[in-house]
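Participant: Please see the structure below; I have some questions.
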Amino acid sequence: MNTKYIFVTGGVVSSLGKGITAASLGRLLKNRGLKVSIQKFDPYINIDPGTMSPYQHGEVFVTDDGAETDLDLGHYERFIDESLSRNNNITTGKIYWSVISKERKGDYLGSTVQVIPHITNEIKSRVYKVAEGKNIDVVITEIGGTVGDIESLPFLEAIRQIKYDVGVENVCFIHVTLVPYLKKSGELKTKPTQHSVKELRSIGIQPDIIVCRSEKLISNDLKEKIGLFCNVERDSVIQNLDAENLYEVPLMLHREGLDNLVCKKLKLQCNETDNTEWIIMVDKIKKLSKNVNIALVGKYVELHDAYISVVEALSHGGYANDANVNIKWLNSEDITKDNIEEYLKDIDGILIPGGFGDRGIEGKILAAGWARKNKIPFFGICLGMQCALIEFARSVLKYEGAHSSEINPETKYPVIDLMPDQKDIDEKGGTMRLGKYPCKLLKNSISFKAYGEDVIYERHRHRYEFNNIYRDELIESGLVLSGTSPDSKLVEIIEIKEHPWFIGVQFHPELKSRPNRPHPLFRDFIKASLNSKHKFD
């Protein structure tokens with residue numbers, strides 16, 4: 001079977017949920033026995049989001065092969081339960097970088113390099129590359145931004161051309177749009193959708209399916225109207241209502257017939273959709289009987305997308321323990337010695353996620369100390385582990401002023417220091433320790449009991465590491481180095497001997513958690529937090 005291509009565009013406004021729509025469709029097609037891959041085209045000129053502020057972009061999602069990518073790739077991985085790669089997130093910056101590099105090498109000798117055909121050909125090659133050598137049945141490509149944006153035009157032109165390059169029977173265009181509800185008149189309005197599709201058609205793309213985001217039910221009459229003005233059949237107008245839980249969306253879209261429409265359009269030879277496992281999972285999520293309160297202590301807490309994979313992984317841990325996870329978002333800048341008890345008195349577990357820089361660092365260190373002293377389950381990720389280590393060195397070893405050399409280059413006790421292979425690197429973008437690395441676990445440690453394996457593989461994104469100069473005295477004072485690189489040179493996991501559940505990890509376990517396969521550390525962190533809750537009840 002030829003590889004089929006599905007392109008998901010968006011209209012009217014951004015943040016409509018194109019990524020969730022693409023991920024949900026991917027799940028439905030996988031449930032039909034098809035091999036699916038999903039990619040995202042981002043129209044910004046940055047090479048990747050690695051140097052962008054979380055306030056601008058949200059979380060940076062890291063793949064196994066070390067690519068810093070859009071947070072939508074996290075949704076894709078969680079929904080289709082497949083590990084993606086750097087080929088699954090392409091930016092305008094990458095496209096132009098590649099074309100200009102080829103021009104400098106003389107690959108276009110004699111030609112005037114232009115948007116068409118050189119940029120569009122490069123874009124098309126990235127679409128095809130996802131499926132190369134992998135026997136992929138369906139490639140779903142989300143086009144970032146909104147139809148009408150200048151930045152998106154080369155991508156839209158490229159996918160218009162692909163339809164004729166590979167054959168119209170091998171391409172399906174899905175347009176996600178907004179049908180707003182006006183409370184004053186009590187009406188849903190279709191005009192924004194009509195204009196969005198008109199804009200798309202003006203550049204040569206006729207959508208095959210229109211997915212309408214709405215907070216109210218869309219009547220058959222309205223679907224008929226949208227179909228008439230947008231040149232699609234009524235049955236090809238799909239409503240996508242707001243859902244209480246993201247993982248309900250595939251089932252909602254299946255009930256609307258989205259996957260059937262796609263299979264019919266692409267003439268896909270596949271099984272009927274078997275959503276049994278997904279239905280069981282969603283039903284379980286709806287019936288969770290326990291509650292657990294987790295403090296997430298960070299500096300971007302007003303923008304939840306900055307920690308989206310952590311939030312999802314906490315929820316997955318809750319699913320495995322029949323528990324709703326209630327997150328208390330705490331800005332680490334607000335935490336002081338005088339008010340920490342007020343902030344954390346009703347908390348069952350404390351999590352400090354990754355991050356960079358000195359803003360709010362002392363509040364994170366205080367939170368780690370509170371968890372250590374009060375035997376509250378603690379989970380520190382990347383910078384969160386480093387904060388726990390700094391607090392331990394200050395309080396237990398009495399190393400006054402102990403710190404990370406990232407935050408205080410003049411500290412007398414740099415218990416966290418720049419990795420040796422990072423010291424001669426000047427550029428910021430894509431130069432950290434990135435991607436999947438092995439980690440050897442200490443037998444009988446909390447981490448080993450969680451994983452049940454001798455060697456694990458986790459994804460990293462950092463420049464600073466545990467300083468081995470202090471290894472012996474930290475171990476003698478009760479710190480357990482439960483995970484290291486295979487050569488034992490890099491400390492990847494720390495625990496505290498006399499604590500029921502205190503773990504810091506240098507990697508990012510949240511990136512590998514799935515709703516149907518919760519990450520073992522998040523699963524056990526929630527379990528320990530539930531036990532802590534009962535203890536203090």
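Any Cβ shown, glycine's included, is placed from N, Cα and C.
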Participant: Please pick, from D65, D70, D72, D81, the residue that Swiss-Prot records in the ATP site together with S15, L16, G17, K18, G19, I20.
Facilitator: D72
Participant: Among E341, E342, E400, E406, which is the one Swiss-Prot gives for the L-glutamine site where Y55, G355, L383, G384, M385, Q386, R463 also bind?
Facilitator: E406
Participant: Have a look through K40, K223, K225 and flag the one Swiss-Prot assigns to the CTP site that S14, D149, I150, E151, K189, T190, K191, P192, T193, Q194 belong to.
Facilitator: K225
Participant: Quick one: what's DSSP say for E142 (Mg(2+) binding site), helix, strand or coil?
Facilitator: strand
Participant: Would you kindly give the Cα-Cα distance separating T193 (CTP binding site) and D72 (ATP binding site), rounded to the nearest Å?
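Facilitator: If we compare the Cα positions of D72 (ATP binding site) and T193 (CTP binding site), the gap is 23 Å.
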Participant: What is the total of other Cβ atoms whose distance to the Cβ of G19 (ATP binding site) is within 10 Å?
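Facilitator: The answer is 24 other Cβ atoms.
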Participant: S14, S15, Q386: which of these binding-site residues has the highest Cβ count within 10 Å of its own Cβ?
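Facilitator: When each Cβ's neighbours within 10 Å are tallied, Q386 tops the list.
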Participant: Inside 10 Å of the Cβ of H508 (active site), count up the other Cβ atoms and send me the figure.
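Facilitator: Its Cβ has 23 other Cβ atoms within 10 Å.
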Participant: Using Cα-Cα distances with a 10 Å cut-off, which of the recorded positions E142, G355, E510 are near G19 (ATP binding site)?
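Facilitator: If one measures from the Cα of G19 (ATP binding site), the recorded positions that come within 10 Å are E142.
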Participant: With the cut-off set at 10 Å between Cβ atoms, which of these binding-site residues ends up with the most neighbours? Options: K18, K189, K191.
Facilitator: K18
Participant: Of K18, K225, L383, Q386, which binding-site residues come within 10 Å of E142 (Mg(2+) binding site), going by C-alpha to C-alpha distance?
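Facilitator: Of everything listed, what lies within 10 Å of E142 (Mg(2+) binding site) (Cα to Cα) is K18.
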